[in-house]
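Report on the structure given below.
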Amino acid sequence: MCGIIGHLGKYNNLKIGIDALKRLEYRGYDSAGLAAFNAEKKDIFSLKTVGRISNLEEKFSKSPIFGNPFILHTRWATTGRVTEANAHPHWDCKKNIYIVHNGIIENYRTLKDKLLAMGHKFSSDTDTEVVSHLIEYFFKGNLEEATRKALKLIKGTYALLIISREDPQKIVAARLSSPLIIGIKDKDYFIASDYNAIIPYAKKVINLEDNEIATITPGNFFILKEREPEELDLKLEEAQKGKFSHFMLKEIFEEPEAIRNSISGRLLPEEGLAKLGGLEEVKDKLKEIERMIIIGCGTARYAGLVGEYMLEEYAGIPVEVDVGSEFRYRKPIINEKTAVLSISQSGETADTLAALREAKRKGALALGITNVVGSTQTRETDAGIYNHVGPEIGVASTKVFISQLTILALLTMYLGRQREMSLVTGRRISQELQKLPGLAETILKQDKQIQELAKKYSQFRNFFVLGRKYNYPIAMEGALKLKEVAYLIHAESYPGGEMKHGPIALIDENFPSVAICPSDSVYEKMLNAIEEAKSRNGKILAVATEGNEDIKKIADDVIYIPKTLEMLTPILTTIPLHLFAAYIGLELGLDIDKPRNLAKSVTVE
Ligand code: M6R
């Protein structure tokens with residue numbers, strides 16, 4: 001939601017920049033700042049304030065800054081609280097490089113750790129600041145060259161403007177999945193994140209495209225399309241396992257952070273609203289949607305199934321979920337009031353893409369949820385939402401699944417509040433979502449206990465994973481994870497109520513069931529299924545809500561999750577199931593990061 005303005009040309013008075021920035025006020029922001037190169041003093045000067053642009057204006061009137069080029073920014077806090085230090089512009093250690101940024105740097109933690117280890121000093125908690133230090137690392141007198149190298153190490157989205165005291169006659173602008181426009185009038189250049197801001201100063205405009213880097217100099221500019229891969233001397237972005245033996249374990253331990261990143265900057269708790277910038281352009285169309293079809297494969301489809309429960313209960317939108325590979329061979333009924341939501345971690349799954357194309361061809365509004373910026377899915381959808389949880393290396397999808405569920409909860413709030421959902425309900429979901437990362441962390445504290453349980457249960461070769469309502473798709477996910485990473489075991493999922501219709505015949509003392517039974521609206525029904533299995537000598541490992549002591553009377557073992565809203569329980573119940581599968585796989589001596597026969601991204605039909 002942030003805004004960007006930059007100018008290189010004849011104007012020295014930043015009042016013009018502030019006026020242009022005011023035209024971006026409608027987008028919402030919580031702090032603002034500016035920086036300009038003063039040729040007389042051969043230095044860059046900056047001002048920042050928390051709150052309205054008028055605060056910045058007041059500060060500016062007391063200590064005006066003159067110079068050119070200049071850059072300005074309004075910030076909507078995502079990473080790092082609303083403080084003056086976190087407002088943009090950000091700079092490097094030498095105060096040579098100043099940047100403003102819209103978007104999110106997903107791998108900023110890894111980069112920041114490396115840069116800190118190299119002695120860089122940071123003055124904010126933002127993701128953005130790593131970009132100025134990275135550029136500093138590569139800077140040898142040429143700003144665009146250093147920027148180009150730095151951007152190769154960045155994962156995420158950005159619209160960036162950069163100026164430098166040591167290469168002062170320049171603004172470097174770069175874009176990936178966040179708009180940036182260059183307005184030109186004679187020899188004056190105005191760069192902005194939104195055309196509205198620069199209308200008075202632009203006769204012609206150029207829309208920067210993804211992966212383009214523009215260098216604007218007095219009376220001239222050129223644009224470089226950055227595509228060719230290049231070897232860099234510093235492998236800052238090498239995926240690291242850190243203290244973990246496997247990526248899968250590391251990524252499960254990142255699940256609380258995945259929830260945090262997925263909601264970051266996307267909640268307006270007081271208004272009970274979700275703010276999804278990626279859907280802005282189709283906001284009005286979404287109000288008209290009467291039906292939604294969610295498509296995905298494997299784990300992504302299970303997320304969609306949880307979404308079906310959420311959207312139908314809270315947004316009142318009829319939802320249908322289908323497997324990518326099946327959808328296009330049906331004759332799906334689609335009209336212009338149908339939205340298709342494609343869920344894919346990679347954004348490259350051939351079956352999902354084929355289904356998406358088919359739905360689009362029939363006139364559906366195409367939406368997507370993906371983790372990979374610039375993937376095919378992002379290019380082929382009308383609008384979408386990024387997971388923003390950093391690269392997932394383990395073949396089994398874990399932290400991205402958690403993020404998909406979190407985003408579906410946000411989407412439910414977004415669409416629900418466009419319809420009948422009350423302010424009170426919106427606030428309630430919002431409050432519970434904010435608590436989730438902390439609750440997820442408490443589950444991971446049971447790591448040792450789950451590892452012990454995995455050891456105990458690894459002797460079995462068959463499992464049922466049972467759940468109902470919101471947790472039936474999580475039973476599917478739990479069974480899939482066992483199949484994928486503990487593949488000497490066969491695991492099947494069922495809704496609790498289905499067991500008596502046949503599968504119960506399989507149960508004996510060698511056929512245990514994992515029963516997901518949080519204290520929710522179907523708890524009593526799940527108990528029936530557990531009793532049925534128990535009375536046939538089947539062992540029960542229950543995933544239950546803290547405080548439920550009674551479950552111990554019937555289950556052989558219990559893993560507890562904290563209490564939350566029923567619609568959000570899947571986000572918590574998934575975590576112990578992911579850990580359980582990973583530890584059983586390890587117990588069986590399997591490579592859980594690269595299980596046999598599987599690929600991370602399935603790009604063939
Ligand atoms: O990249 P995608 O999310 O589209 O991948 C879809 C499935 O191939 C994927 O979820 C698969 O089921 C994983 N191996 C699950 O862990």
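Any Cβ shown, glycine's included, is placed from N, Cα and C.
Per TrEMBL, the features are:
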type	residues	note
ACT_SITE	Cys2	active site, nucleophile
DOMAIN	2-227	domain 'Glutamine amidotransferase type-2'
DOMAIN	282-421	domain 'SIS'
DOMAIN	453-595	domain 'SIS'
ACT_SITE	Lys600	active site, for Fru-6P isomerization activity
Coarse DSSP state, helix versus strand versus coil, of Lys600 (active site, for Fru-6P isomerization activity): coil
Local backbone state of Cys2 (active site, nucleophile), from DSSP in three classes: coil
Cβ atoms near Lys600 (active site, for Fru-6P isomerization activity) (within 10 Å, other residues, all chains): 15
Cα separation, Cys2 (active site, nucleophile) to the residue listed as 'active site, for Fru-6P isomerization activity' (Å, whole number): 34
Cβ packing number for Cys2 (active site, nucleophile), 10 Å threshold: 27
The domain 'SIS' (282-421): DSSP-derived helix, strand, coil residue counts: 66 helix, 28 strand, 46 coil
